[in-house]
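Novice: TrEMBL lists these features:
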COMPBIAS  347-359  compositional bias 'Low complexity'
REGION    336-359  region 'Disordered'
TRANSMEM  49-78  transmembrane segment
TRANSMEM  99-117  transmembrane segment
TRANSMEM  123-144  transmembrane segment
TRANSMEM  185-204  transmembrane segment
TRANSMEM  216-236  transmembrane segment
TRANSMEM  248-266  transmembrane segment
TRANSMEM  278-296  transmembrane segment
TRANSMEM  308-329  transmembrane segment
Amino acid sequence: MEEMKSSISKILKEFHAGYFRIGLSLCSQALLWKTLINPIQDAHALRRIFTYIPFTAFTLLWSLAFLTLLTLSLLYVLRCLFHFHMVKDEFLDHVGVNYLFAPWISWLLLLQSSPFISSKTNYYHALWWIFSVPIFALDVKIYGQWFTKGKRFLSTVANPASQLSVIGNLVGSQAAANMGWKESAICMFSLGIAHYLVLFVTLYQRLSGNNSLPAMLRPVFFLFFAAPSMASVAWNSICGGFGSACKMLFFLSLFLFLSLVSRPLLFKKSMKKFSVAWWAYSFPLTALALASAEYAQQVKGVMPHAIMLVLSTLSALVLLFLVLVSIFFNTAAKSSPSTTQHDHSSESSNNVVTVNNHV
């Protein structure tokens, strides 16, 4: 019994909000599948390829995402109960605090992709409030610090992970628009897009103190194109069409994606050793694929659908690769306890504890 308690305590100490990258990846992939298999009148031939995906496969993916996210959430609740001081350290860390948005974003994505709950039901509305209020509460705290506290000014604490706060508002806005709550959707969208513009410029300027992101966390750079991708999808849901604003945001995200993938040496060090940070690649790719699907539906033609097909396939393959690699390294780590302890402590220290070495 004592050994079991010790083992559980060890897991809770090593667990941190960064693991919700896994939930983000699975839940966004479920939403992508729901979007792609949804029948469309006069659909292009390339779009009809996805209609051959069995609905059972989508349901299994959604169920896997739900069980994974539920497990991660329960672990984090236990961490809050038994190791609250470590959660407080995450909240005070200028990188770790951004991942506190991740569980709520994941639940909102899972809610939108649900095959069981309609967006017009009271259950959907209640769950939206439950998942959106924490995002707004974090907004008030973090955005307020950006322009009122000297040590927490945006120019001091800005890092690529800060874009998760923006994405939280955009995903909440999209879910509200799907319910028909246009005012709530516009409110959350305005909060997200205003702070995204300020954050984007700040990160581009690379002010002193904001240029020392650890090499192993460089996959987080993919969030640069995740934010405009989600903004285009959210505004599409609000307006009911993929208009000029949505297209501009999509083209921006596509350009940022091409800019990053054309610089593989930037990610070379982060790929030398497996860590949960690798999961940061998946969600942004899925967000871009979602935007490309909406763009292809609006514009028609071969090229938009070819882009959608490539990005959607790449997103699914990256997710599959991460799942297999995670299982492999987790199995290998269990067979060598000393390695497990070293790997987890290194990941925890790099993602949460070391405040001054993140950005």
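Note: Cβ is positioned from N, Cα and C throughout, glycine not excepted.
Bear in mind that TrEMBL entries carry predicted annotations, made automatically and left uncurated.
Where in this structure would I find these features, and how exposed are they?
Specialist: Long-range contacts of the transmembrane segment (185-204) within its own chain (CB-CB distance under 8 A, at least 6 residues past either end) are made by residues 132, 136, 139, 143, 146, 154-155, 158-160, 162-163, 165-170, 172-174, 176-177, 210, 224, 227-228, 231, 234-235, 237-238.
Within its own chain, the transmembrane segment (248-266) is flanked in space by residues 218, 221-222, 224-229, 231-232, 235, 242, 284, 287-288, 291-292, 294-295, 307, which lie at least six positions past its ends and keep a Cβ under 8 Å from the stretch.
A Cβ distance under 8 Å defines the sequence-distant neighbours of the transmembrane segment (278-296), meaning residues of its chain 6+ beyond its ends; these are 21-22, 24-25, 28-29, 31-32, 35-36, 44, 46-47, 167, 217, 219-220, 222-226, 229-230, 232-233, 236, 242, 246-247, 249-250, 253-254, 257, 270-271, 304-305, 307-308, 311-312, 314-315, 318-319, 322, 325-326.
For the transmembrane segment (308-329), the list of distant contacts is 22, 25-26, 29, 32, 36, 46-47, 49-50, 274, 278-279, 281-282, 285-286, 288-289, 292-293, 295-296: same-chain residues at least six beyond its ends, Cβ to Cβ under 8 Å.
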Novice: Could you tell me what the rest of the chain brings near the transmembrane segment (216-236), counting residues at least six beyond its ends with Cβ under 8 Å?
Specialist: 95, 159-161, 163-164, 166-167, 170-171, 173-174, 177, 185, 189, 192-193, 196, 200, 203, 242-243, 245-247, 249-250, 252-254, 256-257, 260, 266-267, 269-270, 273, 275, 277-281, 283-285, 287-288, 290-291, 294-295, 350-351, 358
